[in-house]
Amino acid sequence: MLRLNTGTWLLIFLLVSPTIFNISVCERDSRSAVKKRRMSEKVRKMFYHAYENYMTYAFPHDELKPLTKTFTDSLSELGNLKLEHLPQEYNGSALTLIESLSSLLIMGNNTEFEKAVLWLSENLTFDVDARINLFECNIRVLGGLVSAHILATDSTNRSVQGIYKNQLLILAEDLGQRFLPAFDTPTGLPYAWINLKYGVMENETTETSTSGCGSLILEMGALSRLTGDPRFESAALRALRKLWSMRSSLNLLGTTLDVASGEWIEYSSGIGAGVDSFYEYLIKAHILFGRDEFWRMFQSAYLAVQKYFRHGPWYHEADMRTGKATYWQLTSLQAFWPGLQVLVGDIAAANSSHREFFYVWEKFGVLPERYLLDHQMLHPTEKYYPLRPELAESTFYLYQATKDPWYIEVGKSIVDSLNLYTKVEGGFASIKDVTTMQLEDHQHSFFLAETCKYLYLLFDDSFLVDRNYIFTTEGHPLPVVSAWHERLPETYIPSNWTSVKPEKKTKRASAMSLQVCPATTLNSGQQWSTG
């Protein structure tokens, strides 16, 4: 019998083990790819279940009521909590169809996109007697049209080019011109409400939110670059600069203000409703347009948020004048924040907060609108979940940044919950009460524009290969192109992003120096480091 000594066995092991290891790695990667394909197909089916039911029961009205299989003309209701001044003869603007345009192209459905473009170009008009919320109409309708126009004119999208003659851009320019009277105020801050046909109404309220006048620069800036008309970008930029000039000495802003006087109404704010997309648009405007002014604003604002709002992985609200905590609550809109942190390379902080949001999701099955951190309980009245996308959005960004398969599992959990609790025969319904899972008869347009889109891209990011995009706050992709940059952005090396503590006496964490480039966006397969 052949006897092998210890040295020979060791040599054999060293020769064979890499092969075994490579086989196991390949098997793991293969299983992962199969799982992602299966999940992306699940999300595709979710999208089409929502889309086809909308087209069957609600189109050309704004949004679907999936329980009763009817419709709502909701564009005039968005942001209108008291449902005041509702139009009498408004019959919808095909809002959900507009919101679905970029999702259709991302999922490769050029045929349906072409049908949508032809219908919109022949039938859609904004010359309607309807009072709409400027912010909501900007991010949903203007953003949807501008983004879809850019995707349709992409040189790689040849199947659409034959029939596309800039119809969406023509509609977008018409809408943008109808926005401009809202900016005719003593401060340059726009009214929150404007009538698409008649402009600003007599005795219109002068109250607006920080998000409402500080989250217009992406869509209106892109419209100016595409049309050559500088008025849109100039109006949005003037409003943003005025808003930034109203910050406190702590570099904090409030939540609501008066556009006529330029005075704050509500001094308490956080990173949630009323303020959220203001921060988002500062960094994304820098990425899109390469202007250092936006980066300086964002850097100061971000450090202030980390210092005054952050408490461990959570973010409370605080008074802009003193930095003192006001409300200790989680709101579902805050779940976008980890995704924003990925864009600036603050991965550790992003991961920490994301895990807490997902903990709340798992606790209730979905993410409730408001959760009281100091009492560890639901808000007594805001127990609903309207199919919001923010947790899926941050999950997508963190997976792109880390390629950690745990985020795929988070995405699977989100998909399973949506199918279990919100899917009905007529589409996907909002949840009225997360404690009982009682449903509400409303399928919001952002479910197709954002929730399904981010989940699909989490599992299938082939759309992003060799391309750079930023996504608007409504999930509409805008390409990062050098022609839109005033100059190429620099690389910034901020430090201590995550080490700012809410109390000075707290021992500071070790400094984490992050070499990040805010102008670097997400490519498929791009690796990020926090070293």
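Quick reminder: no glycine exception, Cβ is built from N, Cα and C everywhere.
Unlike curated records, TrEMBL annotations are generated automatically.
Going by TrEMBL, these are the annotated features:
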- 1-26: signal peptide (SIGNAL)
- E136: active site, proton donor (ACT_SITE)
- D276: active site (ACT_SITE)
- E369: active site, proton donor (ACT_SITE)
- E390: active site (ACT_SITE)
- T473: Ca(2+) binding site (BINDING)
E390 (active site) to E369 (active site, proton donor) - Cα separation in whole Å:
11
Closest of E136, D276, T473 to E369 (active site, proton donor), Cα positions, recorded positions only:
D276
Specify the count of other C-beta atoms within 10 Å of the C-beta of D276 (active site).
25
Around the Cβ of E390 (active site), the count of other Cβ atoms that are within 10 Å:
25
Number of Cβ atoms other than its own within 10 Å, given for T473 (Ca(2+) binding site):
26
Measuring Cα to Cα, how many Å separate T473 (Ca(2+) binding site) from D276 (active site)?
9
Reported as an integer number of Å, what is the Cα distance between E136 (active site, proton donor) and D276 (active site)?
14
